[in-house]
Amino acid sequence: MLRPMPSLCVQTLRNGLYPCLRRSTPLNTARLQRHLASTAKPTESAPLSPVDRIMQTALTLVPEYGWTRQAVEEAVKRLGYPPITHGVCTNGPVDLIDYFLTQSRLRMLQLLNVDPSQAIAEKPLQSLSTRDKIYLACKARLQLTMPVVDRWQEAAAILAQPSNLPVATKQLYALTDDIMYYAGDRSADMQWYSKRAGLAGIYTTTEVYMTEDRTPQHEATFEFLNRQLDDVESVQSMLSSVKLMSSFAARSAFNVLVSTI
Amino acid sequence: MLRQRLVRGLWSCSRVQAPTLPGLSARWQSTSTTTESADSLAAKYSKYQTSLREIWPRLNDRQKELLSSMLRVNQAGEIGANYIYMGQHAVFRSNPKLGPLIEHMWEQEKKHLYVFDNFIGNNRVRPTMLRPMWVTAGYMLGLGTALVGKEAAMACTEAVETVIGNHYDDQLRELLKIDHPEVENLRQIIKEFRDDELEHLDTAVEHDAHQAPVYRGLSEVIKQGCKVCIEIAKRV
């Protein structure tokens, strides 16, 4: 991204901006990600890097401009950086969405009093049941989407594009894994997969519901979330009784079979 | 004789329910009568309680991936081993000599699986995705060789434990590169488990593993199969 520019301009940019731009090779998303992960510490007092400042300003402009390059360009203009700096979004809008999702997830963990810098810290949320912890976490995360809820359908459409599938799955995996882990899930068998897949389904449908929800404070959304989580519980108990029934049936069938041999 | 074995094998197959293994959820365990409660298991294996909490944030991406794939493949291997012994046990349960022997080895494999399951759950490692495959493959291998005969069952044990022993040795060498008390702790656990596996190997040889029909071929096929499984388990 920086390569084709005249060297003078590159020099100015490199010296003028934060070390993350002082690179000889073009920024790629992976690097941006790593950088974001390293600067995403919850310490409010530490000065933000230019990338964070640009992205966060751009996010405040999303309701006006949508998930577009214009939002980033406008943010760059307002912060007084050279106009070319909007190139921090190497992949365009999807980088902005990716940034939003990462930040919201970390903020959610902060809201739940979990320290994200410690990847495997073990702090019980509160003395809540697992289901309530999941509900609380989803609610906290959904509330972070509220400021951009009118534009969220556009983001969902962008994330649904096949080329953006890696970003979408990565973010959904990170979110559900965080929620399940901090809700106290320690399963190490196939339930690990089924629980995360189930939660991903519930969360995404609730998010879609929220974009259409016009009730004050999105009350209907949280009721919807509650219902979904209750449904899972009833399905689980139903499945276990079906399992019990079928094992009885299998045994009696086997007994009949053995008696005929 | 064969019909008796077959019926017994099939009978226990119909009773293969996951609850008979440790490391499953409390609700599942409660439906089973044979397993101990989660608390008593935790107390029994408390000396294997260990974590990677301190070292984890200090590892680089490659080391993290290496450690998680190690734990994942160990978990997969122990699942397979558990079900191999379950299959053998189904056939030799009432054999006065082999029954208790297989039970003893199975008991040790249960311990190994419990420890790795716990380790994975507590350290946020993604568990193995092909669990149902390891369960079926392990059970079919154990049951199949046991139905051929006692010697074939022992040859199967010998082949599997040889590969697992070598595999644990590779891991121990790899873990030596990370110097930290927590990793040292993990090494000690793997070391102990490797010794258990090698003990099973010796037991199998003592019980006429080498007298099995087409011993060479059988042993080679199982060994290669195990190696393929290890490579798959490392990745998914």
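Heads up, the Cβ atoms here are built off N, Cα and C, so glycines get one too.
Now, the feature entries from TrEMBL:
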BINDING   B:Glu78, B:Glu109, B:His112, B:Glu197  Fe cation 1 binding site
BINDING   B:Glu109, B:Glu161, B:Glu197, B:His200  Fe cation 2 binding site
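Nearest to B:Glu161 (Fe cation 2 binding site) in space, judged by Cα atoms and limited to the binding-site residues B:Glu78, B:Glu109, B:His112, B:Glu197, is B:Glu197. For B:Glu197 (Fe cation 1 binding site), the same-chain residues lying six or more positions away in sequence with a CB closer than 8 A to its CB are B:Glu161, B:Ile164, B:Gly165, B:Tyr168. According to its DSSP assignment, B:Glu161 (Fe cation 2 binding site) is helical. Each residue contributes its Cα atom, and for B:His200 (Fe cation 2 binding site) and B:Glu78 (Fe cation 1 binding site) those atoms are 14 Å apart. Cβ-based neighbour count (10 Å, all protein chains) for B:Glu109 (Fe cation 1 binding site) stands at 24.
Note: the Fe cation 2 site is recorded as B:Glu109, B:Glu161, B:Glu197, B:His200; in the same chain, B:Ala81, B:Met105, B:Gln108, B:Thr157, B:Val160, B:Ile164, B:Gly165, B:Asp196, B:Leu198, B:Glu199, B:Leu201 also have Cβ atoms within 8 Å of that site's Cβ centroid. In sequence order, B:Glu78, B:Ala81, B:Phe193, B:Asp196 are the residues near B:His112 (Fe cation 1 binding site), counting only same-chain partners six or more apart with C-beta under 8 A.
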